[in-house]
Amino acid sequence: MALLAIMGRPNVGKSTLFNRITKSRKAMVDDSPGVTRDRNYADAEHDGVKFSVVDTGGFSKNDPDAFVDLIHFQVNQAIEEADAIAMVFDGKDGPSPFDRDLLSVLRPLDKPIFYLVNKIDSLDMEYLMADFAELGVDKLHPVSGEHGYGVPTFLDMVVKVLPKASPKLEEDMISIGVVGRPNAGKSSLINKILGQERLLVSDTPGTTRDAVDTVCQVNGKPYLLLDTAGIRRKGKVKHKLEKFSIVRALKGLERCDVALVMLDATEGITDQDVHIAGYAEERKCGCIFLANKWDLVKDKDWALKKIKDEVRMNAKFLNYAPFMTISALTGQRVNRIFELVDKVYAQYTTRISTSKLNRMLENAITRHEPPYHKGRRLKFYYATQVSTKPPTIVCFVNHPDAVHFSYKRFLINHIREETGLDQTPIRLLFRQRDRKDLKVLKSGG
């Protein structure tokens, strides 16, 4: 798919424009300069033409932010990848030395470049564009990322110059969320997979503030990778941008099929890791525990047993989640992650026939009779699978609210034993049904 890159100094409104074009809230928007540290990708469509948009970090040579060199590296990569570029100016602030710096980088490029004066909310404000004439660019376009003024006209021009879209990747690709506390190695892992520094990597926790979607192909198969900001415990989140990032990270979990829950093997599993694993379990996505930084572990046999025991004890609610050790730095076992992802996804999308389900349920009831409710035994009528991702099964019962969690756990474990679905969450729901209309499943006794 063709790519439009949005460039500009910090706080000129690139993220607001990005959200307007992509009709999303994907890029973080805030008044603080340098909010978009990383490149943020999303798809857009205008006049029937589909294309991708990248929102880059603010470009500023004298920015005191410690990540400025990394941001410049990211901007340069985005420039290389882009089929067209939109350079954004702040219509209310007028031209700045930073704008001239970026112009000096863009002018020599043999690519379509659109110069946008942002924050022009109406025709009456277009007089503000006169200040930018001194920059000597070919044509200035008034836009308002916040209100939409001028954006359709700009997009009309963009779709005319973009190359035709290449054959579309299959839509049903596996969506993978990479989650973990700050500095667990999430971005390093994705960079190792992609073979380039798509995401900012630094020793400072919280480097990746936003979530970035990236498509990669492994053995000819497409996967959608979602890297999220590190999730801190609520009490330790002070900066409002960090809070916004955490909300976005949790929303990313809602749309991923498989979550890679990254742990720091040199530290073992922490309370924070357990909280993050809990978020993944609540959203019922497939999960894989990755103990990263394995190259730094000395006594590997002892450490492996210790961390596996810790995971199984402290995150027992994810007892179905596979566990493996990796090194994002050296690439150790990184390729094997996708083999495991495929296995988890296959179970995550499994369908069980109604007849097989009811045989299993009948066997379970025979093996362990349902408990009593107000002096009468619970009656199970029948079960059916209503959806996948994860396998979701509805059991019709005379008193659904009376099914104890321990009996529910027994039924789920029985389904796992009979189907081999030992690496996916299973959602089991209970619904009311009139017993006179349905045959009651037999129980022993």
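Cβ from N, Cα, C; glycine included.
Per Swiss-Prot, the features are:
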- 8-15, 55-59, 118-121: GTP 1 binding site (BINDING)
- 180-187, 227-231, 292-295: GTP 2 binding site (BINDING)
- 2-166: domain 'EngA-type G 1' (DOMAIN)
- 174-349: domain 'EngA-type G 2' (DOMAIN)
- 350-434: domain 'KH-like' (DOMAIN)
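The two recorded residues, THR56 (GTP 1 binding site) and LYS186 (GTP 2 binding site), show a Cα separation of 20 Å. Take the CB of LYS186 (GTP 2 binding site) and look out to 10 A: across all protein chains shown you find 28 other CB atoms.
In this view, THR56 (GTP 1 binding site) is surrounded by 26 other Cβ atoms within 10 Å of its Cβ, with every protein chain counted. Across the domain 'KH-like' (350-434), DSSP classifies residues as 32 helix, 24 strand, 29 coil. When the Cα atoms are compared, LYS14 (GTP 1 binding site) and LYS186 (GTP 2 binding site) turn out to be 25 Å apart. Comparing GLY180 (GTP 2 binding site) with ASN11 (GTP 1 binding site), their Cα atoms are 29 Å apart once rounded. THR56 (GTP 1 binding site) carries neither a helix nor a strand DSSP state and counts as coil. Every protein chain considered, the tally of other Cβ atoms within 10 Å of the Cβ of GLY180 (GTP 2 binding site) stands at 25. Reported as a whole number, the C-alpha separation between ASN183 (GTP 2 binding site) and ASN11 (GTP 1 binding site) equals 26 Å.
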